[in-house]
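The signal peptide annotation in TrEMBL covers 1-31. Taken from TrEMBL, the feature domain 'Ig-like' applies to 211-313. Marked as domain 'G-protein coupled receptors family 2 profile 1' by TrEMBL: 296-390. Residues or ranges marked as domain 'GAIN-B' by TrEMBL: 555-710. Positions annotated as domain 'G-protein coupled receptors family 2 profile 2' by TrEMBL: 717-1012. Residues or ranges marked as transmembrane segment by TrEMBL: 723-744, 756-779, 791-812, 839-860, 880-900, 958-981, 987-1006. According to TrEMBL, the region 'Disordered' annotation covers 1046-1065, 1085-1162, 1229-1252. Sequence annotations record features per position, and here TrEMBL assigns compositional bias 'Low complexity' to 1047-1065, 1085-1102. Here TrEMBL flags 1103-1117, 1230-1252 as compositional bias 'Polar residues'.
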Amino acid sequence: MIVPGVGIPVLGRLLLMLALLSASESRLTQACPGLITSGCSCTDERSKAHASPAVRKRVSCSSEELSETPEPGLLPNRTVTLDLRSNLISTIMPGAFLNLPELRKLDLSNNRIGCLTPDMFQGLTNLTKLNLSGNILSTLDPGVFQELPSLKLVNFNSDFLSCDCGLRWVPGYFRTTTARLGDETICAFPKILHGKPLRGLRESQLTCDGPLELHTLSLLPSQRQVVFKGDRLPFHCTAALVDKITALHWRHNGQLVTSDPVMGVSLEPSVVHDCTFITSELILSNVHVEASGDWDCVVATGRGNTSRSVEIVVLENSASFCPEERITNNRGEFRWPRTLAGITSYQHCLQLRHPSQAMGGGVEQKQASRYCDRSGSWEEGNYDSCLYTNDITRVLHTFILMPINASNAVTLAHQVRTYTLEASGFTDTMDVMYVAQMMEKFMEYVGPLQELSEVLVEMGSNLMQVDDQILAQAQREKRACSSIVYSLETLAWPQLHSHAQDLSMISNNILMEAHFIRPSHFTGMSCTAYKRRESFSGNLGLEGAEPNQEQQLRFRCATGTHNTSLNNFPMKNAVALASVVLPASLFPPDAPADCKLQFVVFRTGRFFPFSENSSDPGEGRRGVNTPVVYVGLNGCSMWNRSDPILVSLRHTTPGHDPVAAQWSLPALQRQHGGWSREGCQLAHTDSATSTLHCYVLSNYAVLQEVPEFPHSPSISVRVLHPVAYTCTAILLLCLATIIITHLLHHSSIHISRKSWHTLLNTCFHIAMTTAVYAGGITLTSYPVPCQAVGIALHYSSLSTLLWIGVSARVLYKEAIWRMPRQPEGEPLPPPTQRPMLRFYLIAGGVPLIICGVTAAVNLHNYGDNSPYCWLVWRPSLGSFFVPAGLAVLVTWIYFLCTAFRLRHRVNKQRPGSSLSSPLPESQPALGGSASLLSTDAVVGNAHPALTPEDQYSLRVRFLTLVTTHFLFLALWGGGAMAMWLTGHGSLLFSCLYGIAATVLGVFLVVNHCFRRLDVRTSWLSCCPGYRRSQPMPAYVTTCATVSGVQTTSEQRSSSSTPSGISSVGSGPCKLTNLLQVAQDNTNNATRASAGTNTSTSTDNNNKQANNLGRTKQGSSQYHHRGEGRSHYRLKALRSGGGGGSMGALGPTEGSDGGSSGSRKPFPLLPSVASRVAMQGYRCSASRDNLKLAAAAEREAKRSSYPLNSITSTVPGAALNGSLKSSMIEVELDTSGTDHSQSSVGMKSMWKSETTV
């Protein structure tokens, strides 16, 4: 078969192709005969010049898992490209490429090559491209490429490449040669250069100054292991080979580990792998209990050491457990679970309900740890990683972590001093330790910052208020007290020089005095530390008005060796606490020209805790019972032949068996305490003072056996002048009399309801102010009670002023009230419903809000380092004096307006007429059911009109309130000035306070109790004998006129109105006994003539069951109008419920019976009659009564006929006037009105008016 157009058959073509392929394979095999078995391929590579046939070879051995390079003899001589990537080659033998002089490209990437040497590339003089990326190279030695002169491009990127001082030669090499470093070569370590190309780095960036960072450091096992005794446990440690001296060591609990076949410890030698890693193996074939603890693999290099550790817990076959336990300390509350012995338990610092929330965001939560020992007992836990729960401790710890420099030292010192103001409340030794550390840091900046010295002295003075036990514990743990003392006793040295030769700083508990002296001119020095004596010669215990300054220690120095006695101190009103006399021979003859001398006086020995482990068995009970005096020199020393230093010290508390001692830092190093008897002798002692002779410069004190040591000194409570307590007691007695009387007899005392509330609250808050002032104004030594006293005084003072203002407002409203005019025929609107609670919200709520806001802003505004328990000066301006001034201003505006109104009323009053005080918002006696939310409607008896001896007029009440206001202001001002001033000024104002308190109490009790007839009657009614001896007089009164009707002085007898109702106040209004009314009705039945006066008297021995009234002694005139047609039908309501009801033919307590002029008389119960029945009383209706009476009159005028028929049937009476039987019906309206309206608004219409 022949293909068209082709002369060769197809079969022949196939045979030709097979022959050519066989010839080609034969030529390839002849070119690379030794690479066939290794899996490499060898191909021809055409030259770019095209000048000659291709004779160059390309050998590819990639991904063949070769562990070493092919032998040089197997590679063609004309090989120009060798691809060995992605194999397992770890080392390259020297001269591995000697037979390849034509090699141009060498690819060794992605192998396990760890180190390179120059001899590996021998013979490669024509190599231009070298790829070493993807290996485990961490560094390259200098000169590694010196055998490659034709090199153009090189890459050696690695995941372990460390760009440090080992590669510092790289930038210079590539700058000076034609070779170029590829961009793929980037740094892996250190972290600061991670990801940056090596070719872009400078030599200065390639350093080894930073911390040691290893690309590989692992320990297996890496987690805590719990094994049993006798188990086998291997350890394997791998680290990066940093340099030639890198080595691995093992440690157990800090001790170096070596091979010990007896204990089953086998340590294998370290092995280096691929010039990059070093490994070591440790095997515990027979684990013992002693193997428990931390096992560390330590990597030692020329650049430093690092390690990895793992905890091993070895358990006995019968292990015990630590019980569950809850621990509460200054770091929080921790609940340690039941834990196996030998295990360390961990707890999160924050005991959250959902711990995962606290660990969110990648933030590692801090933990506390605690070890359970082999015996099943808990050891002390490690809580250092947790924050403090106390705010002060946490803030002080924050200060410790802050950097301090010259620019912020003073600011930080003031902040720390602010927190030490509360040192008396320190409950943690860490507070003292942190302050001591801060003082050490501040000492570096004392020289240029003199203000810093004063702050440090105040800081140390405040720390002396810390409890003795806390200071002693802080001294035992960190020697915090010694650190504080050292800081204070070296404080003056940097600040004394030729231009600043004196330094003096004072505080409440620490005194410092320093001088720059010349020893050649020194003639001796006598110095005395003293404090101000308490005011009033100490007899009254009242200190001055500025106790902070008087509590401060003061220093007085003089040249020469004066014999100063503590008991005969020449300064007036001062008490000497300590004195030091330096002899003239203090300095040696060869002393320097300049010297620095310093004195430091500590009020107590709290910074100098006594030794608990003393060799003397009797010294364990001793304590520092005097101030501590320090004398020190800087720049010179004391002459060993000098006369002794005389030190006199006053005893703090009574003690016995005194011992002279000196305290120094060298002594502190020798023993736990620091007090030593060497160098000081006790020259003289008595019950109050001791004198010492000392031959060394140190801290001097007297140690005595004090009962109940350690013992905190008793806190002296300052007292006021006795006149203040006496007069306050008198005032409280008077106020208590007023309050108790008006509470128990409120229903019997005729006082308006608003006046009753304002009077009681004013008296109560005056009593509260004076009682708190006298009992707690001086409790400055007790911070919490002092703050409570300040808040109570603040509230009661403001509330008293506001209640007086409310009283002034009530009087002003009464003065301006007028009777509203209503058109004829229109009903009078009901009174406005206004609750009494509004007064309490103003006078009680406003002060409560002010005090609450002031305390919430800063509770320390009350009694914070003040000489008395009151507000600090600046906060008091806005929280007390401003609102108090506004209250006084508003009160006096009401006073002036009320005075003007009263004066205007007097001018308009007609001569000879009596103008009764109006009662716009006042009511008569309070009912027993009155409450704060009740309205201003009348709740008491409707006859409030009393004589001037019983209820005061508006003018009298106004003058009483003004006088009360004046006296209270004088009392408050006198008490304040007595605390602010000192000496005779304080005594003067204490007496003024007492006078004001006494006058105020007597004035209030006289006006509100003794001068009130109803109060005296209520007091006397408590005596049973007085009630039986009192007669029952008739209650005769005349009704006042309203709106143009005649007054009581213009009484007239009017005829019956067309509607059968008499106008308000048109005639006499008399109340008499109900039996007499019945007897008069009997006379009317016999057609007695009108206007006849009848005198009757009932028999007091009448015992009829239905006669509940009482006979009237004497005779009374009865005026009748009309003929016998004017009969009454009286219906007696037997029930006492409902408004305006009467019980047993008489008005109940709180009813308005007999208050209206249009009402007919009816008898009173004995209790009511004994209270209100007296001769000459006038009836003055209240505003609400008048309104209701006018409404009833208009309603009656619209009626043409009486609504009720009037019948009266009274049997005949005996000749002696005895009433045998009677039937009286009185019909009253009880249709749901209140007590005042129902009593006044009676709808019974009378056809003819008769006055009985």
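Even glycines carry a Cβ here, placed using N, Cα and C.
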Tell me if the transmembrane segment (791-812) touches the transmembrane segment (880-900). I count contact as 3 or more CB pairs below 8 A, with pairs 6 or more residues apart.
yes
So if I exclude everything within five residues of the ends of the transmembrane segment (791-812), which remaining residues of that chain have a CB under 8 angstroms from its CBs? That is, six or more out.
752, 754-755, 758-759, 761-762, 765-766, 768-769, 772-773, 776-777, 839, 842-844, 846-848, 850-851, 854-855, 862, 869-871, 879-880, 883-884, 887-888, 890-891, 894-895, 897-898, 901, 921, 954, 957-958, 961, 964-965, 968, 972
Stretch in 723-744, 756-779, 839-860, 958-981 most in contact with the transmembrane segment (987-1006), if contact is a CB pair under 8 A
723-744
Checking distant contacts: for the transmembrane segment (958-981), what same-chain residues at least six beyond its ends satisfy Cβ-Cβ under 8 A?
545, 720-721, 724, 762, 766, 769-770, 773, 777, 797, 800-801, 804, 807-808, 811, 815, 867-868, 870, 888, 891, 895, 898-899, 902, 952, 989-990, 992-993, 995-997, 999-1000, 1003-1004, 1007
With Cβ-Cβ distances below 8 Å as the criterion, list the same-chain residues six or more beyond the ends of the transmembrane segment (756-779) that contact it, or say none.
542, 717-720, 724-725, 728, 731-732, 735-736, 738-739, 742-743, 746, 749, 785-786, 788-789, 792-793, 796-797, 799-800, 803-804, 806-807, 810, 836, 839-840, 843-844, 868-870, 926, 964, 968, 971-972, 975, 979, 997, 1000, 1004, 1008
Remote residues contacting the transmembrane segment (839-860) - C-beta distance under 8 A, at least 6 residues beyond either end
754, 757-758, 761, 787, 791, 794-795, 798-799, 802-803, 805-806, 871-872, 875, 879-880, 883, 932
Give the residue counts of the domain 'G-protein coupled receptors family 2 profile 1' (296-390) per reduced DSSP state, in the order helix, strand, coil.
7 helix, 45 strand, 43 coil
